[in-house]
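Below is one structure, written out as structure tokens; comments come after it.
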Amino acid sequence: MDTSIGALSSCKPPCNDVGSPPNGAAAAIQGSAPGPAAVGSPDSTMGRHIARRLVQIGVTDVFSVPGDFNLTLLDHLIAEPGLNLVGCCNELNAGYAADGYARARGVGACVVTFTVGGLSVLNAIAGAYSENLPVVCIVGGPNSNDYGTNRVLHHTIGLPDFSQELRCFQTVTCFQAVVNNLEDAHELIDTAISTALKESKPVYISIGCNLPAIPHPTFSREPVPFALSPKLTNQMGLEAAVEAAAEFLNKAVKPVMVGGPKLRVAKACEAFVELVDACGCAVAVMPSAKGLVPEHHPHFLGTYWGAVSTAFCTEIVESADAYLFAGPIFNDYSSVGYSLLLKKEKAIILQPDRVVIGNGPAFGCVLMKDFLKALSKRVKRNTTAYENYHRIFVPEGHPLKCEPKEPLRVNVLFEHIQDMLSSESAVIAETGDSWFNCQKLKLPRGCGYEFQMQYGSIGWSVGATLGYAQAVPEKRVIACIGDGSFQVTAQDVSTMLRCGQNTIIFLINNGGYTIEVEIHDGPYNVIKNWNYTGLVEAIHNGEGKCWTAKVFYEEELIKAIKTATGPKKDCLCFIEVIVHKDDTSKELLEWGSRVSAANSRPPNPQ
């Protein structure tokens, strides 16, 4: 049975509620199609076709940087009533913004110019690929007449070869379309966009700069809505996998369930919680899956992250005699330098279309969502692991209260951020110590949460905050960003102001790359200090709504938060928090030493 893709009637933002994975595009509803455009009209062009296609799949904001090869295309995107063009300060941030937008809407898009723009956005597209986010990256390409002429063009490396950009994108996108004639443009564009949705990965589309405005018969009617053939489960494989898994879990004394980041791409969040409810097991999440499983669930333990897990979580998971991991990614970061005490023979590992039970057997062509739903009907209820957790659990303490005029500590800062969270907020955590501090936040029902753990590109959060906030304006985004990361991508605070966003940015100023310090210290981890509030005031320049504060003490922080959530609730609020350079979470200290040990392993003897 096909799934029709049309205009999105509504898009739920990602949150820690059940069933809100941000891949809503695959369940989109068809919109009513206006009448056909006459051949030769401005609406029967490739530029308008691309614009209409983006609106159909749920994209209402496109992040762009103009360049001479994409200007005509931008004209046609602007002409589409349902599309808003958001100009960014650089291509990297435009890509990060499309990444953040895709997390909330299920798909995002950016438009840049040939090579100088394409290679600048490449890093952001690679990050989206690592996180399984469908991002449509459109590049304005050379004039179609220049292909095959042996000419040297500007914005290239000086060779008569236009394929350098394409070759770079081939490794970080799931489909590449080079459109340099109108005859097959319709097919190439539609194939690229539909592939992004089916594979939940970025795609690359290069559009010849002289083509977007030329009318062509293939664009003379409203595009036929996409019909995507869904991936199907092999029923015999499903039955065999469920039978083997049920037997494996039902004979266990204290099984546990752990959610991983690929729950998102598998669209299996709701099915995972259905299984947890059926079996009564204790449930945890891997760090990069925070926000995909509801933290208000009665059997929720917290984050399983080896030695830096939520208190008592590691002990329950690693002492279990059976554990089911749904969509895990075990890399050196998530395994804390390969130090997890897990045994393969005790594990059921679910990937989006594959099930592996213990040391075998393995079952392919079994979709995670279907497997979880079927298993929930076969598994016996077993609450032993949660009861064990409940026996040993000791409530967390609170940080020591700051004395008046005592320098502010990071753990005190995050205690106040915790109090700000609600169903109407979302947290964006930058790469660095914010990973660990935000991981300890308890997300209320409906509170969104995003960070980029697999790729871990510093500076990601500024652009991602821009895109995420643009996608879900009904939520107030709280971004926690270190000073080192902010210096990479600070410019697009200006775009947030142009868009009228009311994000709250906590700039944590500790004078350097703290996460790198804890892995391997050196003078390169110390950065030039900026007057960050002064910088944002300069960017503001009296245009838009902006409010800044610099805080040194807890009493100043309390006052700043009260202002940001009260009189300045409609403003972009930038709060610079001055903390000691060695003030880090205990989790980062532990994690950093273990990752350092993994990085510095000597070569194996040959």
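A Cβ is built for glycine as well, from the same backbone N, Cα and C atoms used for every other residue.
TrEMBL: automatically predicted annotations, no manual curation.
Residues annotated as domain 'Thiamine pyrophosphate enzyme N-terminal TPP-binding' in TrEMBL: 45-150. Summarising model confidence by region, the domain 'Thiamine pyrophosphate enzyme N-terminal TPP-binding' (45-150) averages a pLDDT of 96.
Under the heading domain 'Thiamine pyrophosphate enzyme central', TrEMBL lists 242-361. Counting residues of the domain 'Thiamine pyrophosphate enzyme central' (242-361) by DSSP class, helix then strand then coil, yields 39 helix, 25 strand, 56 coil.
Taken from TrEMBL, the feature domain 'Thiamine pyrophosphate enzyme TPP-binding' applies to 452-577.
Within 10 Å of the Cβ of Asp483 (Mg(2+) binding site) there are 25 other Cβ atoms, across all protein chains. Annotation comment: TrEMBL describes Asp483, Asn510, Gly512 as Mg(2+) binding site.
Note: the Mg(2+) site is recorded as Asp483, Asn510, Gly512; in the same chain, Gly482, Gly484, Ile508, Asn509, Gly511, Tyr513, Thr514, Ile527, Lys581 also have Cβ atoms within 8 Å of that site's Cβ centroid. Counting only same-chain residues at least 6 apart in sequence, those with a Cβ under 8 Å from the Cβ of Gly512 (Mg(2+) binding site) are Asp483, Gly484, Asn525, Val526, Ile527, Lys581. A simple way to gauge crowding: the CB of Asn510 (Mg(2+) binding site) has 22 other CB atoms within 10 angstroms, across all the protein chains here.
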